[in-house]
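A.B. asks: Structure in structure tokens, see below.
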Amino acid sequence: MIRKIPSFIKIYESLIKIPTISSQDKKLDQSNKILIDLLSNYFSELKFTVKIQNIPNTKKFNMLASFGNGKGGLLLSGHTDTVDFDANLWTKDPFKLTEKNNKLYGLGAVDMKGFFAFILDVLSTKSIKKIKKPIYVLATANEETDMSGARYFIKSTNIKPDCIVIGEPTSLQLVKAHKGHISYSIDVIGKTGHSSSPSNGINSIEIMYLIIKKLLKLKVYLRKKYFHKEFSISYPTMNFSSINGGNAINRICALCNLKFEIRPIPGLTLTQIEILVQEVLQKIFKKWPNRIFLKNLFFSVPPYEFPKESKIIKKIENSCQLTPITANYCTEAPFLEKIAPTLILGPGSIEQAHHADEYLDCSFIKPTKNIIKTLIKKFCY
Ligand SMILES: [Zn+2]
């Protein structure tokens with residue numbers, strides 16, 4: 001078979017070379033269009049049908065490449081964006097794939113542009129002409145910020161694969177469930193005045209104290225009420241992340257801000273959390289109208305769990321010799337699972353993701369290619 005696309009390493013290099021940073025900071029946020037175009041060219045060379053979609057009102061794009069017809073099949077998915085990097089901490093060029101000590105360094109080497117190099121390499125070495133069910137490859141945008149790529153894709157597609165595998169760096173462990181994430185900011189606006197006359201002001205720290213007391217009650221309630229035996233931390237967690245307020249010792253504190261997050265286990269929905277938070281704080285809200293402002297920070301991600309009744313997981317466990325586990329980080333799985341049962345399985349360790357000198361350990365190369373081949377064999381033939 002004549003290879004139509006560059007070698008594994010050359011593809012890897014070409015993907016790392018294109019900056020695709022996603023950031024809440026508009027100055028740092030970049031379009032992923034050049035990378036999407038490059039991936040489209042590679043998949044077109046392999047005779048895939050390629051569709052590119054623009055996420056409305058953004059400079060971001062998704063790509064869906066398809067090969068074969070019919071129902072079911074396999075969808076391999078990855079995100080095209082990376083987080084920002086700290087140039088002072090990196091000892092290597094983040095945009096140049098550097099091979100050293102049996103490691104491949106570069107921004108996105110494990111999280112997770114490299115996954116596309118694996119898929120492309122397998123597809124270029126394996127003849128897939130005779131597949132009976134389609135192979136899809138999805139490349140999403142904005143996973144590192146609001147997951148708008150995956151959110152938009154599920155609304156706009158009608159494909160129904162039998163299984164989706166997201167190639168996030170799980171050290172080639174099969175992740176079948178993860179926690180969600182929801183974060184809040186609360187502002188308490190009191191009334192300032194001289195500390196010697198407390199009745200002239202409203203101290204926002206005192207109100208925040210009452211709020212924290214209620215939230216701590218909720219924290220205990222969540223821990224007692226919800227349990228998932230397969231998670232190392234088997235209950236929903238709550239963390240107070242920061243508190244700020246006050247400026248002078250002799251002034252009544254007018255403004256106090258608290259930020260906190262909750263990580264729900266599967267079985268506790270984001271809506272339930274929203275209701276619980278409102279419920280515990282309701283009395284304080286009523287007592288202090290227009291003085292307490294609660295809002296969501298960032299974008300929430302629901303918890304996710306592979307459907308217990310599905311037989312697909314056994315199929316992957318047996319054919320790839322893997323044992324399913326749970327994870328504490330978030331992925332696009334809770335969105336993609338809306339169209340098909342979704343698992344997370346990919347090369348490299350999450351320990352290296354979002355870190356300076358991010359790298360893929362080369363020991364993952366061979367087993368990853370084998371797993372991708374096996375998945376195609378099991379789901380498309
Ligand atoms: Zn990732």
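Using N, Cα and C of the backbone, Cβ positions are placed for all residues, glycine too.
Unlike curated records, TrEMBL annotations are generated automatically.
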A.B. asks: For the Zn(2+) 2 site that TrEMBL gives with GLU144, HIS354, which of ASP93, ASP111, ASP121, ASP187 also belongs there?
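C.D. replies: For Zn(2+) 2, TrEMBL names GLU144, HIS354; of ASP93, ASP111, ASP121, ASP187, the listed one is ASP111.
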A.B. asks: In TrEMBL, the residues ASP111, GLU168 are said to bind Zn(2+) 1. Which of HIS79, HIS194 is said to bind at that same site?
C.D. replies: HIS79
A.B. asks: Within 10 Å of HIS354 (Zn(2+) 2 binding site) (Cα-Cα), which of the recorded positions HIS79, ASP81, ASP111, GLU143?
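C.D. replies: Taking HIS79, ASP81, ASP111, GLU143 one by one, the ones whose Cα falls within 10 Å of HIS354 (Zn(2+) 2 binding site) are ASP111.
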A.B. asks: Summarise the domain 'Peptidase M20 dimerisation' (177-288) by DSSP state, stating how many residues are helix, strand and coil.
C.D. replies: 43 helix, 33 strand, 36 coil
A.B. asks: I'd like to verify something. Among the recorded positions ASP81, GLU144, HIS354, which ones have a C-beta closer than 6 angstroms to some atom of ligand 1?
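C.D. replies: Cβ under 6 Å from ligand 1: none.
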A.B. asks: Minimum Cβ neighbour count within 10 Å among the binding-site residues HIS79, HIS354: which residue?
C.D. replies: HIS354
A.B. asks: Tell me the Cβ contacts of ASP111 (Zn(2+) 1 binding site) under 8 Å, same chain only and six or more apart in sequence, or just say none.
C.D. replies: THR82, VAL83, GLU168, PRO169, GLY348, ILE350, GLN352, ALA353, HIS354, GLU358
A.B. asks: Within 10 Å of the Cβ of ASP81 (active site), how many other Cβ atoms can you find? Include all protein chains, please.
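C.D. replies: Other Cβ atoms found within 10 Å: 27.
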A.B. asks: Can you tell me how far the Cα of ASP81 (active site) sits from the Cα of GLU143 (active site), in Å?
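C.D. replies: ASP81 (active site) to GLU143 (active site), Cα-Cα distance: 7 Å.
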